[in-house]
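K.L.:
First, the structure itself, so that you have it in front of you.
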Amino acid sequence: DAAPKEDETRADEDALSRTTGIVLLSLFACVTVFVLIASGFSLWFYASKGYVIFEMFWRMGGTVFGGGQVVLPMIYNEVVARGLLSESLFLSGFALVQCLPGPMFNLATFVGTAVFGAQGAVFATLGMFGPGILLMWGLLPFWASIRKNLRVQYFLVGINAAAGGLLNAALYVFIRKSIDSSSTFCIALIAGILNVIYNIPAPITIVLGGITGYIMSIFHIGGL
């Protein structure tokens, strides 16, 4: 199994030259430095809503490890805590993204749209996906050499452990915010059973939870 993976890595490295990798990494570094300078010196465009969204998601996209649910508490703290988006709308966006194909990073597009319309969607999407794309393709020509380094391997082990901790933080945040009554607890419990034990896909589970909540609200069950 190891040989095919090494062949795939070499093929990927051949597709990108080291010069291209250096250019992509330099572009990431330049944008990051620009964002830090603009934030530190409060340049004239710093207060514009479009830049605020881009800067916010570029920071998150460049520092989050593990992807997926790991980014949720970061987006929540940046967007809801700063008053850019209501908590209820944020949770609705989270549920919507779970029902759609694609990565959890798509939540950035939803948040950008909710805050600043179509322009916000573009700024948020570029900010969230840009760092990862530049870093991934920039490091790819060097990856075979990098991953053989023992220190890098230990570094990646630490990153994986930290990502697990952030997943637990995300779980805590959304349990605390979305399960606030006996009825929502029951819906969450049933959804977990359907997904984990019966392997019902997450989008279907979420839609069923929404239907259940709607029916319970009609009959005033459980305080809904």
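Every residue, even glycine, has its Cβ placed from backbone N, Cα and C.
Sharing the record's features from TrEMBL:
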| type | residues | note |
| --- | --- | --- |
| TRANSMEM | 22-45 | transmembrane segment |
| TRANSMEM | 57-76 | transmembrane segment |
| TRANSMEM | 88-108 | transmembrane segment |
| TRANSMEM | 120-140 | transmembrane segment |
| TRANSMEM | 152-175 | transmembrane segment |
K.L.:
Please give the sequence-distant neighbours of the transmembrane segment (120-140): residues at least 6 beyond its ends with Cβ less than 8 Å from one of its Cβ atoms.
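P.N.:
Non-local partners: 12-13, 16, 20-25, 27-28, 31-32, 49-51, 53-58, 60-62, 67, 71, 105, 108-109, 111-114, 146.
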K.L.:
Looking only at residues six or more beyond either end of the transmembrane segment (152-175), which have a C-beta under 8 A from one in the stretch?
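P.N.:
For the transmembrane segment (152-175), the nonlocal Cβ contacts are 64-66, 68-70, 72-73, 76, 91, 94, 146, 188.
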K.L.:
Could you pull out which residues elsewhere in the chain have a CB under 8 Å from any CB of the transmembrane segment (88-108), counting only those six or more residues past its ends?
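P.N.:
Residues 57, 60-61, 67-69, 71-72, 75-76, 79-80, 114, 124-125, 127-129, 174, 177-178, 202-203, 206-207, 210.
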